[in-house]
Amino acid sequence: MTATPPDPAAAFKQQAAIKAASLVQDGMAVGLGTGSTAKFVVAELGRRVREEGLRIRAIPTSSATEKQAQEEGIPLTTFGEQPELDIAIDGADEIEPRTLNLIKGLGGALLWEKIVASAAKQFVVVADASKYVDHLGAKCPLPVEVIPFGWENVARQLGELGAHVTPRRNRDGSFYLTDEKNLIMDCVFGPMMEPEKLGRSILEIVGVVEHGLFLHMACQTITAGPEGIRILTPQQD
């Protein structure tokens with residue numbers, strides 16, 4: 001159920017989310033994102049299901065989103081039943097406006113998010129305008145999901161690629177675990193001049209499951225800020 005946002009940033013996220021949710025049409029298979037902005041998308045789709053009779057089937061990108069979707073009354077499906085999605089809508093932690101390349105995963109769901117995004121005909125990103133950066137890595141770390149066994153060696157090799165690596169932990173000091181029971185290494189690389197090359201190098205490390213670089217995947221970003229709604233598509237070189 002849609003709640004009134006308590007602060008301006010949340011209000012901007014909600015505005016972008018409602019605009020993105022309007023792209024969902026009757027009969028679509030939809031990927032539901034995870035995070036503070038995606039929550040508003042799920043809430044708006046739930047409202048449309050209840051009040052407008054919108055008929056959709058959805059695949060969530062985390063157990064948290066699955067729980068919210070069930071509470072909202074959104075019918076869920078699986079890739080066994082629905083191998084291709086019409087649209088996936090998710091948030092982002094950083095957005096490069098020219099390419100629409102992204103960093104995602106600060107919410108800890110990057111693996112499921114990437115699986116869902118890659119299965120969608122359209123991958124639409126929603127955020128507030130503060131997420132735009134000139135180069136990925138300018139503001140936030142790159143999350144890298146790794147298996148627990150031998151994580152110390154994986155972290156060491158990520159460091160050799162130029163990162164300052166911090167294993168993500170819960171408030172009680174225990175390791176944060178993803179829905180797949182993996183660890184997250186938060187890697188500060190600074191501004192990335194060659195994200196494609198870096199992404200390939202990270203995936204070559206044995207023990208890495210996936211990273212939070214979403215490159216050449218988004219077809220559209222919808223952001224909101226003091227200047228209103230802004231819609232971008234990737235620029236052609």
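Cβ coordinates come from backbone N, Cα and C, glycine included.
If you look up TrEMBL, you'll see T34, G35, S36, T37, D90, G91, A92, D93, K104, G105, L106, G107, K131 marked as substrate binding site. Around the Cβ of K104 (substrate binding site), 30 further Cβ atoms fall within 10 Å across all displayed protein chains.
Taken from TrEMBL, the feature active site, proton acceptor covers E113. Remark: E113 (active site, proton acceptor) has G33, T34, T61, S62, D90, K104, G105, F214 as non-local neighbours, by Cβ distance under 8 Å and separation of at least 6 in sequence. Mapped onto three states, the DSSP output places E113 (active site, proton acceptor) in helix.
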All-chain count of other Cβ atoms within 10 Å of A92 (substrate binding site): 28
Protein Cβ atoms within 10 Å of K131 (substrate binding site), excluding its own: 24
Listed in sequence order, residues with CB under 8 A of S36 (substrate binding site) and six or more positions away: A10, K13, G91, G107
Cβ neighbours within the same chain of L106 (substrate binding site) - under 8 Å, at least six residues apart: G35, D93, C140, P141, P143, G212
Among T34, D90, which are binding-site residues, the residue with the most C-beta atoms within 10 angstroms of its C-beta: D90
